[in-house]
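**Student:** Before I ask anything, let me first share the structure, which is written out below as structure tokens.
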Amino acid sequence: MTSWQGKNITVAGLGVSGVSAARALAGLGASVTVVDGGDGEGLRVRADELAGLGISVRLGDAQTLPEGTDLVVTSPGWKPDSPLFAAAAAAGVEVVGDVEIAWQLRGLTSGQPVPWLAITGTNGKTTTTQMLASILKAAGLRTAAVGNIGTPIIDVVLDEGAYDVLAVELSSYQLHWAPSLRAHSAAVLNLAPDHLDWHGSMEEYAADKGRIYEGNTVACVYNVADPATERLVEDADVEEGCRAIGFTLGAPGPSMLGVVDGILVDRAFVENRQKNAQELAQVEDVNPPAPHNIANALAAAALARAFGVEPRAVRDGLRNFRPDAHRVAHVDEVDSVTYVDDSKATNTHAAEASLAAFEPVVWIAGGLAKGATFDELVQKSAKRLRGVVLIGADRALIAEALARHAPEVPVVDLARTDTGAMLAAVREAARLAEPGDTVLLAPACASMDMFANYNKRGDAFADAVRELAAESAADAAKA
């Protein structure tokens, strides 16, 4: 057990995780200084609150390492090449993240560390983690979905006695800064280029994702359709007896979960898995039953089964689960056209999965590309497209890919960035759509060029659809 008493700890970032780490470490006797490059009113309010706890806060300067620092605790988004971390490296000071601190604090208050079932991947992490928590609750276990979502993980660990097991979502950022993490079982859902500006290369990104398997004790869950995830399992140093468990949308082989005739089945956690399979749930129990979401459900089920959860709880947990807003969310049906909000599809991999769930589709896309290319996405999705409406700063990149690989698909290019841009996009999509089509917001890009975040973008889409529905109803009343 690490002793924090008297240690000089610098916390990088005054966000939610930074505040959580600062409070916890100060409470354990450390001398804590928080640094943040901003100095806005919200940060000053937080700084005043922490000052009341004896925590020093330095705003406006996040580059200089405070003198005498023994350890730096970073918030997830800080890049490894930040000047603060370069100064720490030069001084021989270790840098870790809040997840690492949480891992080291396990068992401090309860005397019995609670197991972690951990999930990462380019897409689907939050949904799968919440599905897993729903399944664990259906099994009568005390649990919470934590990590990259919900309550800060340090806060949960300090209240560890309230839980039997944790469903932990981990981003590549968090895994990069968590060297001693050793989960009970873990899953990598998929791997596609993302955050390469942070990691430097696809190889480094994959390596950070693969850290989730290190030291696993029971199961490493991988995606059969994504061989890169299985390679991460093969490269991991795990505990003796830890098993590789695959999930697939097809019929599963031994040591896999999969789908047979619309039934989710388990051939991993059964006796005589060479011949037997255990029914877990129906495809219709998954909400929504889109292919990528069924894959999420299988991964969640695999982790739950690795923890000893019975099949009935898997079924009940999936039935009870409701996805968050802006994740393949049905908004409305207007004039026999369905409108779906997947604003959370902020990269090409997520957009591809979303587009694969609908046909024919009018696609609303665009925003900040984050260095992505769109040729493969357009090639795979072209046959589904009725039309495309492009918005956002990097829409030209998608337009160029469409011109190369889907020249016959009608494209509307909207240069507007004002508050009415989304309504204009929805109107254009409605004009392109035919009865029975789906209008899908799956931008394949980040939102910050036009919106504060993907939630605001999704809200704008839903508001625009509601306005369109009201206009349609008014026109029908006049007829």
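For all residues, glycine too, the Cβ spot is worked out from N, Cα and C.
Okay, so TrEMBL annotates it like this:
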DOMAIN    119-304  domain 'Mur ligase central'
BINDING   G121, T122, N123, G124, K125, T126, T127  ATP binding site
DOMAIN    326-445  domain 'Mur ligase C-terminal'
**Student:** Enumerate same-chain residues with a sequence separation of six or more from N123 (ATP binding site) and a Cβ-Cβ distance below 8 A; give 'none' if the list is empty.
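**Tutor:** In sequence order, the residues whose Cβ lies under 8 Å from that of N123 (ATP binding site) (at least 6 apart) are L189, N190, A192, H292, A345, N347, H349, A350, A353.
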**Student:** Compile a sequence-ordered list of residues in the same chain as K125 (ATP binding site), six or more apart from it, whose Cβ lies below 8 A from its Cβ; state 'none' when nothing qualifies.
**Tutor:** I119, N148, E169, L170, S171, L189
**Student:** For the domain 'Mur ligase C-terminal' (326-445), what does DSSP give as the number of helix, strand and coil residues?
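**Tutor:** Computed counts for the domain 'Mur ligase C-terminal' (326-445) are 41 helix, 30 strand, 49 coil.
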**Student:** In sequence order, what residues of the same chain, 6+ apart, have a Cβ less than 8 Å from the Cβ of T126 (ATP binding site)?
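**Tutor:** In sequence order, the residues whose Cβ lies under 8 Å from that of T126 (ATP binding site) (at least 6 apart) are N148, I149, E169, D324, R327.
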**Student:** How many neighbouring Cβ atoms, not counting its own, are there within 10 Å of the Cβ of G124 (ATP binding site)?
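**Tutor:** Result for G124 (ATP binding site): 26 neighbouring Cβ atoms inside 10 Å.
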**Student:** List the same-chain residues at least 6 positions away in sequence whose Cβ sits under 8 Å from the Cβ of T127 (ATP binding site), in sequence order, or say none.
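**Tutor:** Same-chain residues close to T127 (ATP binding site) (Cβ under 8 Å, separated by 6 or more) are N293, N296, P323, D324, R327.
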**Student:** Determine which residues of the same chain, besides G121, T122, N123, G124, K125, T126, T127, have their CB within 8 A of the center of the CB atoms at the recorded ATP site, and list them by sequence.
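**Tutor:** These residues sit around the ATP site: I119, T128, L189, N190, N296, A350.
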**Student:** Compile a sequence-ordered list of residues in the same chain as G121 (ATP binding site), six or more apart from it, whose Cβ lies below 8 A from its Cβ; state 'none' when nothing qualifies.
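**Tutor:** Looking at Cβ-Cβ distances below 8 Å from G121 (ATP binding site), excluding near sequence neighbours, one finds T128, A187, V188, L189, N190, L191, K209, N223, T229.
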**Student:** For T122 (ATP binding site), name the DSSP secondary structure in the helix/strand/coil scheme.
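**Tutor:** The three-state answer is coil.
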